[in-house]
Amino acid sequence: MQQQIIKELHVSQMVEPKEEIRKRVTFLKNYLKHSGAKGYVLGLSGGQDSTLAGKLAQMAIDELNEEEQDTSYVFIAVRLPYGVQKDEADAQDAIAFIKPSRSITVNIKDAVDASTKSFEQATGEVLSDFNKGNTKARERMKAQYDVGAHYGCLVIGTDHAAEAITGFFTKHGDGACDVAPLFGLTKRQGKSLLKELGAPTHLYTKAPTADLEDDRPGLPDEEALGLTYEQLDDYLEGKQVHDAIRKKIESRYLATEHKRQLPVTIFDSWWK
């Protein structure tokens, strides 16, 4: 099953950072021109994935604007805090590194709290902290699509191979996007691209966190997954991993297949 998953997720055992950067920037340029859109939108958290996706997007925009003098493409970085983000300084460091065409902030707290209150008034029950976390992720994506629709831009997602294999994203939240420039990269490969790009070291060495749950703020991804990114990357790059780890990864992959598919129809058989 390991080789099948590697193939399905388009993972290469090794990447050359300069070549990979060029390939993905070119992809973003070509798809934007094909789409007829005016630019890209991305929610920027200050973590590794959005920093990398944002830098690639801004590089694509800068090159397009230099090559096509009669157009003016934009990359809009969107800050999406729930109240006050504890690592806001990292987000600002990411913005300083990327130098987006434009940066705006949409605080999602009022919208999320209103949605939570409406649910609880309608059902008479308390929305779990975990489900409220998913509401945050979906509200963030909704806000990005609002910005994208208003300015005629496409929404960028940050899904990569280590998230895809585990389904470690919110369905119709951070899993929703128009274009996914990091797809096929492992976590360590993403780090190598950021190193090549000269990103501030702390943006890709800090512990990754979705930071969605109020009861467990800053919960590290690896703790939530019960797997380390090193284990996931080793598996995805075709290396041998402990049998118990392999089984855990493959079990999670199968259990989250619905997240990697379009809504199931009567004509689909992948679930059988």
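Each Cβ is built from the backbone N, Cα and C atoms, and glycine gets one as well.
Binding of deamido-NAD(+) is attributed by Swiss-Prot to Lys171, Asp178, His258, Lys259, and within the candidate set Arg102, Arg138, Arg216 the record adds Arg138 to that site. Annotated ATP binding in Swiss-Prot involves Gly43, Leu44, Ser45, Gly46, Gly47, Gln48, Asp49, Ser50, Thr158, Lys187 plus, out of the candidates Thr71, Thr123, Thr135, Thr209, the residue Thr209. In this structure, the CA atom of Arg138 (deamido-NAD(+) binding site) is 12 Å away from the CA atom of Gly43 (ATP binding site).
In this structure, of the binding-site residues Asp49, Glu163, Asp178, the smallest number of CB atoms within 10 A of the CB marks Asp178. A helical conformation is recorded for Asp49 (ATP binding site) in the three-state DSSP classification. Around Ser45 (ATP binding site), the C-beta neighbours below 8 angstroms that are at least 6 residues distant in the chain are Leu80, Gln85, Ala91, Ala94, Asp211.
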